[in-house]
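Some features that Swiss-Prot has for this protein:
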| type | residues | note |
| --- | --- | --- |
| COMPBIAS | 1-10 | compositional bias 'Basic and acidic residues' |
| MOD_RES | CYS78 | S-4a-FMN cysteine |
| DOMAIN | 159-224 | domain 'HTH luxR-type' |
| DNA_BIND | 183-202 | DNA-binding region |
Amino acid sequence: MLDMGQDRPIDGSGAPGADDTRVEVQPPAQWVLDLIEASPIASVVSDPRLADNPLIAINQAFTDLTGYSEEECVGRNCRFLAGSGTEPWLTDKIRQGVREHKPVLVEILNYKKDGTPFRNAVLVAPIYDDDDELLYFLGSQVEVDDDQPNMGMARRERAAEMLKTLSPRQLEVTTLVASGLRNKEVAARLGLSEKTVKMHRGLVMEKLNLKTSADLVRIAVEAGI
């Protein structure tokens, strides 16, 4: 993932990690860590209320994929994954999603800490509070094999098939969760109790064999909902 800021240009020098602009961030709440910590998918959370939308949390899978430690990432915008080959039109698509507070999924060229380029299937999605105010952005990354150009399509088809196993109510809950709403707001939108929403989310996670809400959001966006 890269450049979840507004319109600040990426470094573009071809030297991964060259942009070391950093802001001070406070430790995130436990529920933010719970969102991504156990996910096998490389995931991060950023705070758009702070200057330059810096990362406030990453998981171990992100370190395993990119080579960057938590200490090297927190407080920085994700543009440090960009380099000379990063496609500017795809960067613009991510920025547009951030500006409009809409989920966006692109396959973009990024660079690991050691300079290795990789095709990155990047998801960026908003997270709202109970008053429908933007809190954070969730980002997740999956390395795509350039030798398998249809891999992205296969993931989308698989995600769509997974969602077909859900009941209509479970699909409604999943759709609202993927849009960034938390349980209280989902409950209000559907006229359900918060306890019932939590029950449906739990059943969805179990049925789809997912570990975290971040994984659920990615599946939903990949499926096109």
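Keep in mind that glycine also has a Cβ here, set from the backbone N, Cα and C atoms.
CYS78 (S-4a-FMN cysteine) carries a helical DSSP state (H, G or I). According to DSSP, the secondary structure content of the domain 'HTH luxR-type' (159-224) in residues is 49 helix, 0 strand, 17 coil.
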